[in-house]
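A.B. asks: Copying in the features that Swiss-Prot gives for the protein in this structure:
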BINDING   ASP13, SER63, ASP462, HIS463  Mn(2+) 2 binding site
ACT_SITE  SER63  active site, phosphoserine intermediate
BINDING   HIS124, ARG154, ASP155, ARG187, ARG193, ARG261, PRO262, ASP263, ARG264, LYS342  substrate binding site
BINDING   ASP420, HIS424, HIS480  Mn(2+) 1 binding site
Amino acid sequence: MKVKRPVLLAILDGWGISEPDKGNAVDNANMVFVEYLKKTYPWLKAHASGKWVGLPENQMGNSEVGHIHLGAGRINLESLAKLNHETKTNNIAKNDEIVKTFEYVKKNNSALHLMGLFSNGGVHSHFDHMIAIYKAAIDYGITNIKFDLITDGRDTKPKLAYDFIKDLLELIKQNNNIGIISSISGRYYAMDRDKRFDRSRIAYNAIVNRNNVRSFTNILDYIQQEYMINHDDEMIIPAFNQDDLNGNLKANDAIIMTNFRPDRAIQISSILTNKNYIAWQNEAFSDAEFIGDKIRFVSMMKYSDSVTSPHIAYPPKPLTNTLGQYLSQLGLKQLRIAETEKIAHVTFFFDGGNDYFKNGLAKNDEITLANAYIDLIPSAKVATYDLKPQMSAVEITDKLLEEIKKDEFDFIVLNFANCDMVGHTGNNKATEIACKTLDEQLKRIHEEFVLRHNGIMVITADHGNAEIMIDKDGQVNKKHTTSLVPIIITDLNIKLKQNDPEIAKVAPTILDLMNIEIPKEMELESMIDHN
């Protein structure tokens, strides 16, 4: 089977719509070609947050749920909503894996480590879930509880960890001082996802061996000291508590990792559990330090096959007949292309939690989705992406144009990470450069794919970010938004419906463009108006 006109889904990660403002990097970047597209082709504004992507009302969207819904064609109740319900009903305290972990700790007279992003951002975690498990552990009679906290500052305002942890200390006091903050780490270190093992190494030391790492005697003073040297929550240097000198992770201890989103939990969790993981073949780690086979590790959700612990509190229920899977079954040839930072998003997440591409790391002969191929472009090795706001967008486009010229693919999924990843640095000017870079790359792609190869581009985003770099209080905004996002379709022969569009309608719309029947699993309709 071969489609009449190939379709390219271009996902501009973090590209939202907002009113003109000095903090609107999208608007201020003067994206001339995007404006040309809007004047030339049908386009609309679509929902990408809250209930429209399976999240609680008014919850900002994120890359994971955005990509899931772009490929799903239906609303999928997301992890945050599920765990909020489990917490509210106290079912989390009855979860089989969590209860077995409590039993394990009591039997071994060992420590329970609660580890995760301690934040109310709701993108990777929510501290309500960790606190619920903490209270459940106390009710179960556990008294040796260690908090290994990861601080946010990216999906929240930059400096909220002080207040969050102050409240946690008060909660510990209210519970007869059961529990201690054993270590702290900014997410820059503990939640790296791009194999920067030098960062993971420091976080690992704070949790596991206490070697060559900072320490503190007063956690609040330590955070204040970090703030004074312009380290916001994301950048807090890992440290351990001197009052818990022997509280490092040991044999027979248990960890419950409370992050529910996989991508930034995979690397540190794999290091903690899997001796065959690439980090242990890397000079950053030595075999003698590995204790993963002597602990019980529980993740809230499935992270990756590289996390070898079998203990998952809420096992996945992958979606079926997502766009990629459906096209594969029809014998259509497809390509996924992104840089390292976002490769899991155009594979694992876009495929509804099905790991056909090994989280984007499979070689083409290892992919378990028929007729599917991948191009992985390395991300720049810089400390923060405002140092290179172009990221790897030019290299992605160069490779993509090579692939387009082959005239082989019926469907291509492309992710440009710039608006999101540079937006997260809080650097407004750099984010404007990031947006302008994408404008230039879209022009190159349009010339080759649409004008020379008669393809159709569907240009959209997974969530907003770069359009609000300064919040209403005048503070730097690094987090995602609840903004609407554009959907532009480069087909002059169609009209689009304007009735509350949402990004989950992108998949059925692409099938409609291909003149392919929409499967029953896709509960939403196409946005194309055939009247």
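Cβ from N, Cα, C; glycine included.
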A.B. asks: Would you mind checking how many other C-beta atoms are within 10 angstroms of the C-beta on ARG193 (substrate binding site)?
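C.D. replies: A 10 Å sphere around the Cβ of ARG193 (substrate binding site) contains 20 other Cβ atoms.
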A.B. asks: Just to be sure I understand: of ASP13, ASP420, ASP462, HIS463, which binding-site residues have a C-alpha no more than 10 angstroms from the C-alpha of ASP155 (substrate binding site)?
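C.D. replies: Qualifying among ASP13, ASP420, ASP462, HIS463: none.
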A.B. asks: What count of other C-beta atoms do you get within 10 angstroms of the C-beta of SER63 (Mn(2+) 2 binding site), across all chains shown?
C.D. replies: 27
A.B. asks: Return the residues near ASP462 (Mn(2+) 2 binding site), defined as same-chain residues 6+ apart in sequence whose C-beta is under 8 angstroms from its C-beta, sorted by sequence, else 'none'.
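C.D. replies: Same-chain residues close to ASP462 (Mn(2+) 2 binding site) (Cβ under 8 Å, separated by 6 or more) are ILE11, ASP13, GLY14, ALA48, GLY61, ASN62, SER63, VAL65, GLY66, HIS67, LEU70, HIS345, VAL485, ILE503.
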A.B. asks: To see if you understand the setup: which same-chain residues, six or more apart in sequence, place their Cβ under 8 Å from that of ARG264 (substrate binding site)?
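C.D. replies: Looking at Cβ-Cβ distances below 8 Å from ARG264 (substrate binding site), excluding near sequence neighbours, one finds HIS124, ARG187, MET191, ASP192, ARG193.
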A.B. asks: Provide the number of Cβ atoms within 10 Å of the Cβ of ASP420 (Mn(2+) 1 binding site), excluding the reference atom itself.
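C.D. replies: I count 31 other Cβ atoms within 10 Å of it.
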A.B. asks: Measuring Cα to Cα, how many Å separate HIS463 (Mn(2+) 2 binding site) from PRO262 (substrate binding site)?
C.D. replies: 18
A.B. asks: Could you round the CA separation between HIS480 (Mn(2+) 1 binding site) and PRO262 (substrate binding site) to a whole angstrom and send it over?
C.D. replies: 18
A.B. asks: Under a criterion of Cβ-Cβ distance under 8 Å and sequence separation of at least 6, what residues of the same chain contact PRO262 (substrate binding site)?
C.D. replies: GLU64, MET301, LYS302, TYR303, SER304, ALA344, PHE348, ASN359
A.B. asks: In the structure shown, which of the binding-site residues HIS124, HIS424, HIS463, HIS480 has the fewest other Cβ atoms within 10 Å?
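C.D. replies: So among HIS124, HIS424, HIS463, HIS480, the binding-site residues given, the one with the fewest Cβ atoms within 10 Å is HIS424.
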